[in-house]
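**Student:** Feature list, courtesy of TrEMBL:
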- 34-69: domain 'EF-hand' (DOMAIN)
- 214-239: transmembrane segment (TRANSMEM)
- 251-268: transmembrane segment (TRANSMEM)
- 274-293: transmembrane segment (TRANSMEM)
- SER278: active site, nucleophile (ACT_SITE)
- 305-327: transmembrane segment (TRANSMEM)
- 339-358: transmembrane segment (TRANSMEM)
- HIS343: active site (ACT_SITE)
- 370-396: transmembrane segment (TRANSMEM)
Amino acid sequence: MGEHPSPGPAVAACAEAERIEELEPEAEEPLPAAPEDHWKVLFDQFDPGNTGFISTGKFRSLLESHSSELDPHKKEVLLALADSHADGQICYQDFVNLMSNKRSNSFRQAILQGNRRLCSKALLEEKGLNLSQRLIRHVAYETLPREIDRKWYYDSYTCCPPPWFMITVTLLEVAFFLYNGVSLNQFVLQVTHPHYLKNSLVYHPQLRAQAWRYLTYIFMHAGIEHLGLNVVLQLLVGVPLEMVHGATRIGLVYVAGVVAGSLAVSVADMTAPVVGSSGGVYALVSAHLANIVMNWSGMKCQFKLLRMAVALICMSMEFGRAVWLRFHPSAYPPCPHPSFVAHLGGVAVGITLGVVVLRNYEQRLQDQSLWWIFVAMYAIFVLFAIFWNIFAYTLLDLKLPPPP
């Protein structure tokens, strides 16, 4: 009697777990190494209804049949994840996150140590939390759109290191403002004081060769009304973002917004000075608001529509104040008051680099093609602005205000 050839390992393993249709020949080939679209092809063969889920039985069979192609620690994590799903289903996105190295080591530790099983119980349903635990949970729901990310962040956050970057920058800004207020004997609309621009931290077009001014202008503010809103936004938005994404990533977005702000002024408003941290602040706030809009259904922060409206109103009022001040008769003619264009430079950074950072929690940015596209765009803009500052002022024969 002739025997039929035995099916491939993937088909045999799945037949033991649950009777399904025989897979096409392509499914018997070794697993792809990493790209998400390859994982999708394999996942869809176990999910013919395109529901986005497969049963844990099918999932375990898939892993066992292809164990030789998987990194051992990945297989261990995936098996633990399968066991932790009380509803008997595995979400495709969880599968891809782990296969693409998202949280590979930390997530594995959290599962193996039993800190939290990834069950269907939402983090908001947790009872008996102390004040610090409620604060961490609040930050998770304020910044992260997916429950699996919120749970992992809640378990792994240790407040070590604390959100030192935003707090340090804020304290320095307040300290410099108080020092200038005492020196000028003026706290409201300091920028109208005749000696305001003499400070070596302010960006001034005649002194654009002093490169530090493209960054240090954030420590000078037009007045207490300018400083107040920037400080509030930095603490309410910047600190929670830093708690989740870390000082390196949030500091990168903030500094990129600051530099883009001063360079944008040097290109688009060439005769005006620049003061204030609005470039960095608007980069963070714009990225956060864009992330909320792009993940609207997943974001579970309370009163999100009302709070977004309040944030936009505050930003619009601050921007309107800056526009009014720019065209108000100057206290030190012929030099105009500081420019408002830095705000726009910050927004541009926020909706490009900032959004990519916030949307890729615990994933390597260097693996994201969109990240490199925006980095390249930012680098091109910086190089263009540098050459503009070197050559354009002379070629255009622009008459600049004298240095302070």
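A Cβ is built for glycine as well, from the same backbone N, Cα and C atoms used for every other residue.
Walk me through the surroundings of each of these features.
**Tutor:** On the 0 to 100 pLDDT scale, the domain 'EF-hand' (34-69) averages 70 in the predicted structure.
Annotation for SER278 (active site, nucleophile): spatial neighbours HIS226, ASN230, GLY261, GLU318, ALA322, ALA342, HIS343, GLY346, criterion Cβ-Cβ under 8 Å with sequence separation of six or more.
With a 10 A radius on its CB, HIS343 (active site) counts 25 other CB atoms from all the protein chains.
If one looks beyond the transmembrane segment (370-396) by at least 6 residues along the same chain, the residues whose Cβ comes under 8 Å of a Cβ in the stretch are 205, 208, 256, 259-260, 263-264, 266-267, 270, 349, 352-353, 356, 360.
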**Student:** Six or more residues beyond either end and a Cβ under 8 Å away: which residues meet both conditions relative to the transmembrane segment (339-358)?
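**Tutor:** Same-chain contacts beyond the flanks: 143, 241, 245, 249-250, 252-253, 256-258, 260-265, 268-269, 272-274, 276, 278-288, 290-291, 294, 318-319, 322-323, 325-326, 365, 368, 370-371, 374-375, 377-378.
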**Student:** Could you name the stretch, out of 214-239, 251-268, 305-327, with the greatest number of CB pairs under 8 A to the transmembrane segment (274-293)?
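**Tutor:** By Cβ pairs under 8 Å, 214-239 leads among 214-239, 251-268, 305-327.
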**Student:** What residues in the same chain, six or more past the boundaries of the transmembrane segment (214-239), come closer than 8 Å to it by Cβ-Cβ distance?
**Tutor:** 163, 166-167, 169-170, 172-174, 176-177, 180-181, 187-191, 199-203, 208, 250, 254-255, 258-259, 262-263, 273-281, 284-285, 288, 311, 314-315, 317-318, 321-322, 325, 337-338
